[in-house]
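What follows is a short report on a single structure.
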């Protein structure tokens with residue numbers, strides 16, 4: 001009997017329910033979109049983290065428009081009855097607020113909601129090109145600091161308006177943001193996108209001698225997204241964009257499997273057009289110093305298959321060899337141009353700087369040391385890429 | 001005081017060492033190693049572990065010489081009563097402070113990452129209640145508690161960290177000696193590891209209760225290297241995935257590693273929870289060891305055998321120490337202070353004792 005109070009005490013202390021927030025008391029953020037807000041938008045700004053007009057600020061037009069897609073389980077009906085062409089729009093709530101920083105905007109958002117904002121389910125963070133060009137360090141600080149944000153969610157750039165991505169309502173899935181992030185996850189599985197999710201992006205951003213990149217997307221017909229290439233950065237500012245086929249080149253250079261992109265090849269003296277698809281990529285990135293100048297040579301081996309043959313029908317061992325050669329030439333042309341563009345913009349997405357730092361310690365310590373110096377050297381650097389394409393099989397057709 | 005059932009086996013000793021070494025510092029250790037040694041962190045860890053190993057051998061050797069005495073016992077018989085007691089008292093103070101500070105570190109990590117609204121005092125009190133109510137048990141119970149928890153600590157860590165293999169970048173790890181190595185920085189990184197794992201000193205309290213104290217080195221060395229391997233494995237993986245600069249930005253690199261991992265097949269999407277659960281076991285067993293040393297130490301100094309009373313009286317002091325640092329930066333300052341001026345000298349201490357005992361021709365069992 002003496003122990004009963006003790007047992008109650010233990011029950012009280014060890015139950016661990018202090019942080020209990022039932023699912024229906026949470027506003028689950030599924031997607032975030034970050035745009036630049038105009039003066040006009042800012043007029044709606046409430047005084048939550050500071051008095052109006054008294055933000056201890058920097059530049060005038062540094063305003064952020066935050067759009068959040070929120071799901072309220074138990075309040076907005078989820079589930080399969082959304083079918084019948086209505087789309088998934090009604091399953092999630094898209095809200096828009098403004099603020100000076102991300103946290104400021106989040107505080108404004110919380111002020112209008114009954115439920116507690118929860119970031120543990122954020123699948124996708126869309127930023128507009130304009131924000132990315134201004135630099136992403138500021139917007140990432142809040143996300144890095146908050147323990148709820150997953151490092152496996154995606155950060156993407158939408159060309160125009162980031163907000164419109166969250167308004168896209170796919171008719172097939174009950175939660176729109178989930179469909180969008182699945183599009184990206186599956187693109188990775190099919191070898192169409194490198195694993196450049198938020199956590200990886202932060203690592204590349206912090207590293208010296210490598211520049212980060214994030215996927216670029218485009219909204220199609222207001223109900224789905226197209227993976228439109230990658231946006232590459234120099235430091236924390238976006239400087240350019242490359243197309244999906246160049247993602248294929250990038251992934252070949254990095255030797256990332258599996259292969260996913262198909263490429264159209266035409267033999268010079270023939271009519272026929274062949275679609276070949278990379279299935280396995282392998283690459284060796286070698287860096288060396290010659291006369292005190294860094295050089296890189298990249299040997300790429302791609303195993304591929306023929307997926308389609310049009311306007312002709314004479315596939316045999318001989319033609320396959322010719323196609324391989326032609327494909328190698330084409331790939332080289334494509335690749336060289338790609339690398340040249342990156343060099344012109346000073347964006348080292350391959351991490352050649354990091355490799356040189358890792359391998360040629362003395363050279364790095366004496367000559368480079370900083371990111372800026374590396375960018376200069378990188379622009380002038382000699383990068384040689386060689387391709388070796390092997391066509392392994394041709395599908396179910398002999399000829 | 002030595003009941004016949006109070007016998008610890010070599011395997012149990014090994015498990016005590018493993019679960020004591022893997023503790024609170026697991027989550028944040030890499031940060032300190034990298035801050036000193038840069039991307040030479042894995043190598044620095046190895047050096048740090050070797051330094052700690054020397055200390056371990058010291059305690060094993062002295063344990064062989066004094067098979068019936070605990071640390072407090074041979075302190076007195078080697079150094080004489082007043083000085084011996086003073087030394088024991090200082091050691092107890094160091095561990096008392098460390099128990100409090102590490103409890104606070106545990107509470108900070110919990111609050112910063114999983115339970116932001118729970119008052120920190122609750123986490124601290126819950127943890128103190130746990131180890132205070134288990135620390136006054138007999139030595140074999142103490143060994144069994146460790147024995148029970150070790151698999152729960154080791155298996156999740158390996159399962160959780162192993163999938164990170166596909167995210168590693170070789171260029172994060174080379175050059176192995178770091179890009180711009182300085183001797184001081186490298187040793188700082190190495191000593192951070194030594195300080196974090198030097199807490200195996202608790203075995204000095206356990207060896208006299210072993211079945212064959214003379215053979216304690218078998219268990220001690222085995223356990224030490226298993227735990228050492230885990231430390232190197234964790235450091236290498238975090239450095240290989242994140243790289244130097246990213247790690248310097250984080251408080252708890254290992255936790256962030258857990259947050260980045262997706263298990264193939266997407267069975268579970270937030271693996272960090274598994275990691276945290278096993279970390280909490282690690283924290284509990286480590287703090288239990290500290291507190292066990294404190295309780296047994298106090299009782300040894302004052303020739304007092306009511307462990308329960310000491311354990312309950314000391315608990316509020318631990319609480320006081322835990323809430324003392326005013327913020328997380330001061331907390332880490334204190335921890336580093338106590339572990340560099342407390343734990344590291346403790347690793348040299350047994351050799352000092354050995355020398356004196358040889359000079360004074362003191363041998364075990366002469367109590």
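Just so you know, glycine gets a Cβ as well, placed from its N, Cα and C.
Automatic, uncurated: that is what TrEMBL annotation is.
The feature transmembrane segment is assigned by TrEMBL to B:12-34 (among others).
Among the features that TrEMBL reports, transmembrane segment is placed at B:40-62 (among others). Tertiary neighbourhood of the transmembrane segment (B:40-62): same-chain residues 30, 33-34, 74, 173, 175-178, 181, 186-187, 189-194, 197-198, 200-201, 203-204, 207, 216-217, 220-221, 224, 228, 231-232, 235-236, 239, 244, 346-351, 353-354, 357, selected by CB-CB distance under 8 Å and a gap of 6+ residues from either end.
Annotated transmembrane segment per TrEMBL: B:83-101 (among others), in sequence order. The list of residues near the transmembrane segment (B:83-101) in space but at least 6 beyond its ends in sequence, with Cβ under 8 angstroms from a Cβ of it, reads 71-72, 75-77, 199, 201, 287, 290-291, 293-294, 297-298, 300-301, 314, 317-322, 324-325, 331, 334-335, 338-339, 342-343, 346, 349.
The transmembrane segment feature in TrEMBL is assigned to B:121-139 (among others).
Positions annotated as transmembrane segment by TrEMBL: B:146-165 (among others). Here the transmembrane segment (B:146-165) has Cβ contacts under 8 Å with residues 11-12, 15-16, 18-20, 22, 226, 230, 233-234, 237, 240-241, 254, 257-258, 260-264, 271, 274-275, 277-278, 281-282, 284-285, 288-289 of the same chain, all six or more residues outside its ends.
Note on the transmembrane segment (B:185-207): residues 8, 13, 16-17, 20-21, 23, 25, 29, 32-38, 40-41, 44-45, 47-49, 51-52, 55-56, 59-60, 62-63, 67, 70-71, 91, 95, 98, 139, 142-143, 177-178, 213, 216, 220, 224, 227-228, 231, 235, 286, 289-290, 292-293, 296-297, 336, 339-340, 343-344, 346-347, 350 of its chain, located 6 or more positions outside it, place their CB under 8 angstroms from a CB of the stretch. Look at TrEMBL and you will find B:185-207 (among others) tagged as transmembrane segment.
What TrEMBL lists as transmembrane segment is B:219-242 (among others). Sequence-remote contacts of a segment are chain residues at least 6 beyond its ends whose Cβ falls under 8 Å from one of its Cβ atoms, and for the transmembrane segment (B:219-242) they are 9-18, 21-22, 26, 29-30, 33-34, 39, 41-42, 45-46, 49, 52-53, 56, 59-60, 154, 157-158, 161, 164-165, 167-170, 172-173, 193, 196-197, 200, 203, 250, 253-254, 256-257, 260.
Residues or ranges marked as transmembrane segment by TrEMBL: B:273-295 (among others). Long-range contacts of the transmembrane segment (B:273-295) within the same chain: residues 16, 19-24, 26-27, 71, 91-92, 95-96, 98-99, 102-103, 106, 113-114, 127, 130-132, 134-136, 142, 145-146, 149-150, 152-153, 155-157, 159-161, 199, 201-202, 205, 254-255, 258, 307, 310-311, 314, 318, each at least 6 residues beyond the stretch ends and with a Cβ under 8 Å from a Cβ of the stretch.
For B:307-326 (among others), the entry in TrEMBL reads transmembrane segment.
The transmembrane segment annotation in TrEMBL covers B:338-359 (among others). For the transmembrane segment (B:338-359), the list of distant contacts is 51-52, 54-55, 58-59, 61-62, 65-66, 74-75, 78-79, 87, 91, 94-95, 97-98, 101, 191, 194-196, 198-199, 201, 204: same-chain residues at least six beyond its ends, Cβ to Cβ under 8 Å.
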